[in-house]
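Q: Sharing a structure here in structure tokens format.
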Amino acid sequence: MIQRFITCLAALTLVFAVVAPAHSVQSNPFQQDNQFLSVDQAFDFDSEVNDSKVTVSWVVAPEYYLYQHRFKVVPENALAAEPELPQGESHNDEFFGESIVYRNYVEWSFTLNPEFSGDTITVQYQGCADAGLCYPPTEKQIKLSSTSETAPATAPPNTDSSLFGIGEQHLIITLLLFFALGIGLAFTPCVFPMYPILSGVVLGNRERNWKNTLWLSFIYVQGMAITYSLLGLVVASAGMQYQAYFQHPVVLIVLAVLFALFALSMFGAYTLQLPISWQSKLQSFSGQQSGGNIVGVFIIGAISGLVASPCTTAPLSGALLFIAQSGDMVSGVAILYALSLGMGVPLILFGLSGGKLLPKAGAWMNVVKQFFGWLLLAVTLFLIERLIPTSISMWLWIFYFILAAVSLAVSISQPLRITTKVITIVLLAAAATTGSYWQVNKAQLEQKSHGLFTVVSNVSDIQQQVAESDRWVMLDLYADWCVACKEFEQYTFSDEQVQAQFQEFKLIQADVTRNNAQDVEILSRYKVLGLPTILFFDPEGNERPEYRVTGYMNAEDFKKHLEKIVSE
């Protein structure tokens, strides 16, 4: 029964992993009645000049954030050295991957070059709202003659709604995921067969009753958990200093290669573990501890966390890289603590039941190990897809899902009965088909929606298109740095019912990614707060502000919005 459950869970996990991202965006639409702040209200800028030191700060409104990689000082020769960016928190979205952002309040200091003779410098920054609006790149000039006219930057009251960088809700999901992964690691062939021996070592000569077993097993797990948690703390604290570098293409490639190597280890291509000499010394010290007492059992658990088996070394290394990239010390400790608790659950169950609640060791454990290998390989693809065209990443994912399904199906064909074989293979085939379809459909929708619009590049082009049309004109303002703009293209404009309504409109689009003089003129002329923004012009050529769309709108709501305009 356990074997069937594990293999079916593996297949369903593959299906969920590819269906959930597409569903979540469409099932959680942002309402259009959001009242967005102006850029200066969302990001209250302040500066102070003290001799050669300049300090700039932003008070960031709740549910808004600034991008770390958008911070820049112009001209660059005004700086004495490359300024160190303040620590931020990790932010992930479907289109741009992992970024470092600032919420609530951020302060940035840098030193001026003594040889710089200019009177002013310019600070550039850019941010977005959680509700789906991104502001154009913003510039603020700072006078360097004596002291800045602005007031000194002071920290506001602490309004942080989350203790953890990845957010409380996301942290809970992450902890549950790593707890489940810990349970999965416990069923790998290097770990699971050791539980009978380990249970005997933990109990020592103590009387074997459920109270002693539960208590000592818990102490052992705590020793292992604290060791892992300390590893997470060390790695996260180191990652905090280098968060910005984790977004560099070279670093992403290196990380992708590392995860691929970890995956090969789980496939049995080579053995990844501590040097034998280190293991011998740790095991020798562990052997000197006596089971059956709290201190001895705790030390044995702590040492077992260091002597990682070949089956756990690769996933543990992958978890450490994940924590290093987040740079969040608190969540780093919590994640590895959850992972180790998951690994300890089977030990506690084994001790309490004498092994009756757990399956017998067998070939099915290799399936679990291989499943972890495919999960690590998926991380490799997630990392490199940020650096390659969508068309290429689409085919890589298709190849991945098919190969993973075939590989797992072949692996489970031996240890399972014929009924379970058929069920599991069907589930794996469904996972591969679903994943492949989603990737192909995603690429096709992006191309399809993007080709609907006539491209305009300045105010004159817009005015000409509006003047020549005898229908309603819809002007879509787009930029590559706008996450919600991409959501519009992929999930809203690609909808068949929306496209049916498009027949009543002339569609034009202005790409303001570069934020050059022409782009700024467009945004200024039409008083655009941020992106995405969609303007509507009636057949007489007048812009109708009451129909303007600011921020993301899902397909159903946008279709109704178009119907309302046409029915006028």
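Cβ coordinates are placed from backbone N, Cα and C, and glycine is handled just like the others.
As the structure is a computational prediction, the values presented were derived from the model and not from experiment.
The disulfide bond feature in Swiss-Prot is assigned to Cys128-Cys134, Cys190-Cys311, Cys482-Cys485. According to Swiss-Prot, the feature domain 'Thioredoxin' maps to 416-567. Taken from Swiss-Prot, the feature signal peptide covers 1-22, and the record attributes it to sequence analysis. What Swiss-Prot lists as transmembrane segment is 172-192, 215-235, 250-270, 294-314, 332-352, 364-384, 392-412, 418-438.
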Q: Between the transmembrane segment (392-412) and the transmembrane segment (364-384), do 3 or more CB pairs sit under 8 angstroms, pairs being 6 or more residues apart?
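A: Judged by the Cβ rule, the two regions touch, with the required three close pairs present.
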Q: Return the stretch with the most CB pairs under 8 A relative to the transmembrane segment (215-235), choosing among 250-270, 332-352, 392-412.
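A: When the Cβ pairs under 8 Å are tallied, 332-352 comes out ahead.
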Q: Between Cys485 (disulfide bond) and Cys134 (disulfide bond), what is the CA-CA distance rounded to a whole number of Å?
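A: With distance taken Cα to Cα, Cys134 (disulfide bond) is 9 Å from Cys485 (disulfide bond).
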Q: Across all the protein chains here, work out how many other Cβ atoms are within 10 Å of the Cβ of Cys134 (disulfide bond).
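A: Here the count is 19.
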Q: Rounded to the nearest Å, what's the C-alpha distance separating Cys482 (disulfide bond) and Cys128 (disulfide bond)? Just drop the number here, would you?
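A: Per the Cα atoms, Cys482 (disulfide bond) and Cys128 (disulfide bond) stand 8 Å apart.
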Q: Would you mind checking how many other C-beta atoms are within 10 angstroms of the C-beta on Cys485 (disulfide bond)?
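A: Result for Cys485 (disulfide bond): 26 other Cβ atoms within 10 Å.
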